[in-house]
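A.B. asks: Starting off with a structure, shown below.
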Amino acid sequence: MSFLCLGPMSAGKTLLLTCLQKPDSVNFTSHSVPSVGTNLYTIKIPPIVIDEKDVNQKIPPPGKRKELVQVREVGGCLAPIWRDYLLSPVDKLIYVVDTSNLCQISAAGVLLYSMLAEPRLQKTKFLLVLSKMDLAYRQMRNEALLMLQMEKFQKQIPQHITIIQFSAITKEGIDEIYDWLAMN
């Protein structure tokens, strides 16, 4: 399977993938340098911890959950040539938006829409990661989704977009992202 991670410059792609790769290596002092090019991350999916108290917990059948995935991050400065990375099929695409930067959200939406309109991505599964939630106020999620016009847009596109709030510092959303990556 082919996994791709895209988003505007400084959206938090590198920090997200570093956190997924080594969760304990990211804390409030962490920072990253903007990617100029691409990076390849190998992410080990942690096993599901079964809580005997949670009778509603769904356990995927054996063989339906991946244990290891590789994700290619493409720097935001390469947005004009993102389509070049679609020459081989992309099964899953992670799109990262910095929710603490109101000025960036609309521009991020334009880039996202151009990817969703790409004919080669009609069968691709999309994950929209609302990053830096530790820096944004709680209402920011709703404002970001309004600015991206997600409710209206999801009615017009064939792809289903999973939306997850994420903070590399607090690890909010990390389990949901692991689950999304692991499922076929």
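For all residues, glycine too, the Cβ spot is worked out from N, Cα and C.
Residues annotated as GTP binding site in TrEMBL: GLY7, PRO8, MET9, SER10, ALA11, GLY12, LYS13, THR14. Sequence annotations record features per position, and here TrEMBL assigns Mg(2+) binding site to THR14, SER35.
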A.B. asks: For the recorded GTP site, whose residues are GLY7, PRO8, MET9, SER10, ALA11, GLY12, LYS13, THR14, find every other residue on that chain with a C-beta no more than 8 angstroms from the centre of their C-beta atoms, and list them by sequence position.
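C.D. replies: Those within range, site residues removed, are PRO34, GLY76, VAL96, ASP98, SER131.
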A.B. asks: Using Cβ atoms only, which residues of the same chain lie under 8 Å from ALA11 (GTP binding site) while being at least 6 residues apart in sequence?
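C.D. replies: Same-chain residues close to ALA11 (GTP binding site) (Cβ under 8 Å, separated by 6 or more) are GLY76, VAL96, VAL97, ASP98, GLN104, ALA108, SER131.
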